[in-house]
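Colleague: Just passing along the structure, written as structure tokens.
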Amino acid sequence: MPSLSKEAALVHDALVARGLETPLRPPMDELDNETRKSLIAGHMTEIMQLLNLDLSDDSLMETPHRIAKMYVDEIFAGLDYANFPKITLIENKMKVDEMVTVRDITLTSTCEHHFVTIDGKATVAYIPKDSVIGLSKINRIVQFFAQRPQVQERLTQQILTALQTLLGTNNVAVSIDAVHYCVKARGIRDATSATTTTSLGGLFKSSQNTRQEFLRAVRHHP
């Protein structure tokens, strides 16, 4: 994987080793993003025409190009590790050894089964070892992995593994609560249910007190 940051390469390798990487085929050839957009727009044009939509209408004529740009630059940008966030780690000179929690991180992803929205929030916690991470970097890591076709269970574990790898500690916990529009907008059409997934590592798994402290933070209980 050329031209990747050290952190991006480490995270990718860790996910592959654990069988947690998003299913990706080896590229047939190297395509730049503009070529990808052009090809996607062409296929989207065919799909819309098969749906009997009139692409000569001024409301629809740019839709294939808008969708292609959205896929490559926005909602599926996390498929490209060149977009992995720049990571800031700080030596833990303060000797912080208590739980650090970032709660209610906005999360918007896409269901890989139907390509419709997953909308929710994530809570991430870790117990520092040798390093602490810039807080906004946790949000960016969540968003990076959300910007892929996903299943929520894998997304939760990808975030956990990425942070364990970068921070050099197993003491990480991730919880995601989300609404799946493949459930809300089609099929069963259940507008009120939500899905919660949790992935725990290190003390968050082995220590009942640490686990309960994290779960109280997830539930916003004092």
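Cβ coordinates are placed from backbone N, Cα and C, and glycine is handled just like the others.
Quick paste of what Swiss-Prot says about this protein:
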- Cys111, His114, Cys182: Zn(2+) binding site (BINDING)
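Set these features in their place in the structure for me.
Modeller: Other C-beta atoms found within 10 angstroms of the C-beta of Cys111 (Zn(2+) binding site) number 18, with every protein chain shown included.
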Colleague: Around the Zn(2+) site recorded as Cys111, His114, Cys182, what other same-chain residues have a C-beta within 8 angstroms of the site's C-beta center?
Modeller: Thr110, Glu112, His113, Phe115, Val116, Ile118, His180, Tyr181, Val183, Arg186
Colleague: Return the count of C-beta atoms lying within 10 angstroms of the C-beta of His114 (Zn(2+) binding site), excluding that atom itself.
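Modeller: Excluding its own Cβ, the number within 10 Å is 15.
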Colleague: According to DSSP, does Cys182 (Zn(2+) binding site) fall in a helix, a strand, or coil?
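Modeller: Going by the DSSP assignment, Cys182 (Zn(2+) binding site) falls within a helical segment, counted as helix.
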Colleague: Specify the count of other C-beta atoms within 10 Å of the C-beta of Cys182 (Zn(2+) binding site).
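Modeller: There are 17 such Cβ atoms around Cys182 (Zn(2+) binding site).
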